[in-house]
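Structure record follows, encoded as structure tokens.
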Amino acid sequence: MSEISLIMLAAGNSTRFNTKVKKQFLRLGNDPLWLYATKNLSSFYPFKKIVVTSSNIAYMKKFTKNYEFIEGGDTRAESLKKALELIDSEFVMVSDVARVLVSKNLFDRLIENLDKADCITPALKVADTTLFDNEALQREKIKLIQTPQISKTKLLKKALDQNLEFTDDSTAIAAMGGKIWFVEGEENARKLTFKEDLKKLDLPKPSFEIFTGNGFDVHEFGENRPLLLAGVQIHPTMGLKAHSDGDVLAHSLTDAILGAAVLGDIGELYPDTDMKFKNANSMELLKQAYDKVREVGFELINIDICVMAQSPKLKDFKQAMQSNIAHTLDLDEFRINVKATTTEKLGFIGRKEGMAVLSSVNLKYFDWTRL
């Protein structure tokens, strides 16, 4: 049995997919797409090593200890070159995680022809009339190249050392004078590029699990600046002591959302030792945090917030706070509830030394079936 390693390319920005969630984090059942695709291929062969390129290594590592991860580059070629540094097997298989449904039959065709050339690649024939600059091309000579592809590792490394931009391994190998062998590709191995492509693939739907997070924050009164809650000015001078603008509600809610998605906490994301967050707009930081949560495949279901303050009274501001949260997070207002309570003059809150906020949120996986 030939010694083969597997590289899965999952560091793309999903620009053409045009959704808040990166396509590699779409959930198929409970698995993000990148993991589903990698599990699928890894079930076909005892690979020597499996390497996944990533733009979010810390988060991906939460899912498995079975693979190695490496930060991707700005282009496909850069990402592949970095991943190849970890590979020493004779052959390497490279695939895009966006090709989710590669079959065992296609995989076997690649393996069976391993000794035929320097790179074995699947390709589809073109059935439709094809024009270039309004002139018909000979479609019999046109191939639609797919992945996974298997290459001789040393030759692929040498090809990429030219620092040219190759869009796949076969063109890189061919540029070195290497021999390419084509096997029959398949429709199911088409790349998921645009959100409309989801309708063409029979993928498992995201599970209906719900993820709950809580956030709690406390701040002391004492700054002669506006008191802000959810970006709404409550009082012109009763400001809270903080590195940022002191919006304790926004801080609590940020922590709740990050916690539900298992993405750490506000202190990790926006440390108070970093001067770029000095007097920062906390609602803008909340939005940025939620963008990160959506990027990895989640969306909000609802928000419930309890503000604990002896003073000032908040009854007249609750509606404005709910509206501002809804606008910031692009969430229906009927999914947001803000409550206010005192501590019956007990403790530091009762002594009007500060205030606290407890936030609870529920998240679900982004439902890509609605696209």
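Backbone N, Cα and C atoms are what each Cβ position is placed from, and that goes for glycine too.
What Swiss-Prot says about this protein:
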type    : residues                                                    : note
BINDING : Asp217, His219, His251                                      : divalent metal cation binding site
BINDING : 217-219, 243-244, 265-267, 270-274, 341-344, Phe348, Arg351 : 4-CDP-2-C-methyl-D-erythritol 2-phosphate binding site
REGION  : 1-210                                                       : region '2-C-methyl-D-erythritol 4-phosphate cytidylyltransferase'
REGION  : 211-371                                                     : region '2-C-methyl-D-erythritol 2,4-cyclodiphosphate synthase'
SITE    : Arg16                                                       : site 'Transition state stabilizer'
SITE    : Lys23                                                       : site 'Transition state stabilizer'
SITE    : Arg139                                                      : site 'Positions MEP for the nucleophilic attack'
SITE    : Lys191                                                      : site 'Positions MEP for the nucleophilic attack'
SITE    : His243                                                      : site 'Transition state stabilizer'
SITE    : Thr342                                                      : site 'Transition state stabilizer'
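Of the listed binding-site residues His243, His251, the Cβ environment within 10 Å is emptiest of other Cβ atoms at His243.
Taking the centre of the Cβ atoms of Asp217, His219, His251 as the divalent metal cation site, the nearby residues of that chain (Cβ within 8 Å, site residues left out) are Val218, Leu240, Ala242, Gly246, Asp247, Val248, Leu249, Ala250, Ser252, Ala356, Val357. Arg16 (site 'Transition state stabilizer') falls within a helical segment according to DSSP. The most crowded of the recorded positions listed here (Arg16, Lys23, Arg139, Arg351) is Lys23, judged by how many other CB atoms sit within 10 Å of its own CB. Distance from the CA of Asp274 (4-CDP-2-C-methyl-D-erythritol 2-phosphate binding site) to the CA of Thr342 (site 'Transition state stabilizer') is 33 Å.
Measuring Cα to Cα from His251 (divalent metal cation binding site), the recorded positions that fall within 10 Å are Ile266, out of Lys23, Arg139, Lys191, His243, Ile266, Pro271. Taking Lys23 (site 'Transition state stabilizer') as the reference point, none of the binding-site residues Asp217, His243, Asp274, Thr343, Arg351 has a C-alpha atom within 10 Å of its C-alpha.
Cβ neighbours of Asp217 (divalent metal cation binding site) (same chain, under 8 Å, six or more residues apart in sequence): Val248, His251, Ser252, Asp255, Ala356, Val357.
There are 14 other CB atoms within 10 A of the CB of Thr342 (site 'Transition state stabilizer'), with all protein chains counted. Rounded to the nearest whole angstrom, the C-alpha distance between Arg139 (site 'Positions MEP for the nucleophilic attack') and Lys191 (site 'Positions MEP for the nucleophilic attack') is 21. Put simply, Lys191 (site 'Positions MEP for the nucleophilic attack') is 46 Å from His243 (4-CDP-2-C-methyl-D-erythritol 2-phosphate binding site) when counted between their Cα atoms. Around Lys191 (site 'Positions MEP for the nucleophilic attack'), a 10 Å sphere centred on its CB holds 15 further CB atoms from the protein chains shown. If you average pLDDT over the region '2-C-methyl-D-erythritol 4-phosphate cytidylyltransferase' (1-210) in this model, you get 96. Distances between the Cα of Lys191 (site 'Positions MEP for the nucleophilic attack') and those of the recorded positions Arg16, Ile266, Asp274, Thr343, Arg351 are shortest for Arg16. Counting in whole angstrom, Ile266 (4-CDP-2-C-methyl-D-erythritol 2-phosphate binding site) lies 14 from His219 (divalent metal cation binding site) by their C-alpha atoms.
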